[in-house]
Amino acid sequence: MSEKFILSIDQGTTSSRAILFNHKGEIVESAQKEFEQFFPKPGWVEHDANEIWTSVLACIADVLRKADIEANQIEGIGITNQRETTVVWDKNTGRPIYKAIVWQSRQTEGICKELKEQGHEDTIRHKTGLLIDPYFSGTKVKWILDNVDGAREKAEAGELSFGTIDSWLIYRLSGGKTHVTDYSNASRTLMFNIYDLKWDDELLEILDVPKSMLPEVKPSSEVYANTVSYHFFGEEVPIAGVAGDQQAALFGQACFDQGMAKNTYGTGCFLLMNTGEEPVRSKHGLLTTIAWGVDGKVEYALEGSIFVAGSAIQWLRDGLRLIESSPQSEALASQVETTDGVYLVPAFVGLGTPYWDSDARGAVFGLTRGTTKEHFVRATLESLAYQTKDVMDAMLADSDIDLKKLRVDGGAVKNNLLMQFQSDILGVTVERPVVQETTALGSAYLAGLAVGFWKDKEEIAKQWLNEKTFENEMSEEESSYLYKGWQKAVEATRSFKFES
C-alpha cells in the first residue's frame, strides 16, 4: 500500500507554499511561488486574488511532482493563511470585484477614525477582542463596498461574497460550491462575536456590511469540502483543516495547554499564549483572539503584534547596506559583547503591542564617536528581543500566568545570538523546535485530526521535538538595567512627533 500524506497550503503575504508532511510530522517536500505586491498609494498594500489562487495551484502541482507521488496519496488538505487580508467576489461569476486588501494596508484609516469618533471602540473591543485598526478585515470590506462602483448595490442584492484568504481558496478548490471559514480567521474580521461564536448583527450594522456576504463559520478541524477533481489531478480530496497563520503556528508548536506560548519571528513578530476555554480580556493592549476550535471545544489566546522584526534586518541589508545577507547579522553582532549603550527602536510603521502608536517613527539612541557598524547591527537584533519582552510583560499582567518557557519559530530563530539574548532579557527558557515550519505543520495537524491521520492532540504533542534550548545566562540586575534603557528609548521615540 502506498504511503499517505497530508498536504498543507501555506498562503503567506509574499508567497504561497505547499508542504507535504508524513505521519511523523516530518517535511517530505515543499514548493514555493512568489506573487506580485501592489502599492497603489503610500501605505496601501494589495494582492491579486486570482494570482494567489494560481500560485497555490502551481505549488500543489510542483510539490506532487517533486515528491513523485500521486494525488490519491493525499489523505487531507490543511490551509493556513495570511490573516485579515480581504477578498470580495461576485457570487455569479466567482470573480473578485477588487484586488485583495492586505492586512498591512492602511487605506482604511479614515474609516477607523470615523468609527472611533462615533464612539464604537468599547463595543467593538468588548465583542471581538480587537481594536479599531485598519489591520482587521471589517473596515476593508466596508472600503470596497463604499469605493467600488456598484458594489454596495450588488451586496445589498445578495450578489457578493466576502472571505479571508482561506475562504477564497476553499471556494476555488471546491469549484465554487463551499463558502466557509474557521473560528480563528473569523475572529480577526471585526465582525465576529468571539463569545457567542456568531457574526454579530450590531457590528455588521456599525460597519454597514450585509450578512449575506459572510461565510459560514466552522471549527478549525473538520471536513469542509472536497476538492473538485479538475483542480486536483482527478481526485476529490478532503479540505479538512484551517487556521490563520499565527494560530496555526501555536497549534504546530503543540501549545495545547493553558499558559503555553510561542513567538514567530517573521517580517514582524507574533506572540500568542493559549489561555484555555475562557477568553481573557486584555487591559494592556493585547488582542483577545480565538486560537482554534477542535474536539468540540473553542480555545482562546492572547496575542501581541510586533510590526517590525525581520524587516529591520532586511533594512540593514537593503536600506543601509551594512550587511550583505541576513545571516551575516549574527556574525557581525557577535564581534562586540554589547551594543555599548546603543538602542534602536524600529518604529518604521509605528509601534504595535502594547503601545498601538501609529504615529511613532524609528529612532536610534546612545550613539557616540566609538559606535561601530557591529554595535548598530547588534542593537537592531536586540530590538526584536526587547519588543518581545514588551509583549510578554503585558501578557503576564493580563493572565497572571508565570511563563517558564517560550517556543520559537520563523526565519530569525536560526540566529543563536538573538535567541540567547531573548532568553536572557525575558529570564525564561527559549525552545527552538526541529521542524520550524510550524505554521504549515499546524494546519496539517488540524486536517490530519479531522480525517483520522493522527488520533488526537496527545499523539501530536509527542511529535514535537526540541532542536536547541537557550537558558538564561544574565543576572536579573543586568537584564533589568538593559530593559530600562530600552523603555527610555521607546518613550523618547513616542514623544518625538514632527509635524510638517
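The backbone N, Cα and C atoms fix where each Cβ goes, glycine too.
Some features that Swiss-Prot has for this protein:
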BINDING   T13, R83, E84, Y135, D245  sn-glycerol 3-phosphate binding site
BINDING   T13, T14, S15, T267, G310, Q314, G411  ATP binding site
BINDING   T13, R17, T267, G310, G411, N415  ADP binding site
BINDING   R83, E84, Y135, D245, Q246  glycerol binding site
MOD_RES   H231  phosphohistidine
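For R83 (sn-glycerol 3-phosphate binding site), the spatially nearest entry among the binding-site residues S15, Q246, G310, Q314 is Q246, judged by CA separation. DSSP assigns R83 (sn-glycerol 3-phosphate binding site) to coil in the three-state reduction, placing it in neither a helix nor a strand. T13 (sn-glycerol 3-phosphate binding site) falls within neither a helix nor a strand when secondary structure is assigned with DSSP, and so counts as coil. Under the three-state DSSP scheme, G411 (ATP binding site) falls in the helix class. Cα spacing between G411 (ATP binding site) and H231 (phosphohistidine): 32 Å, rounded to the nearest whole number. Taking a C-beta cut-off of under 8 Å and a sequence gap of six or more, Q246 (glycerol binding site) has these contacts in its own chain: R83, T264, F270, L272, E303, T439. Cβ neighbour count for T267 (ATP binding site) (all protein chains, 10 Å cutoff from its Cβ): 22. Ranked by CA distance from T267 (ATP binding site), the binding-site residues T13, Y135, D245 have T13 at the top as the closest. N415 (ADP binding site) sits 11 Å from G310 (ATP binding site), taking the CA atoms of both as reference points. Listed in sequence order, the residues Q82, T85, W103, R188, G244, F270 complete the 8 Å Cβ shell around the glycerol site centroid, once R83, E84, Y135, D245, Q246 themselves are left out.
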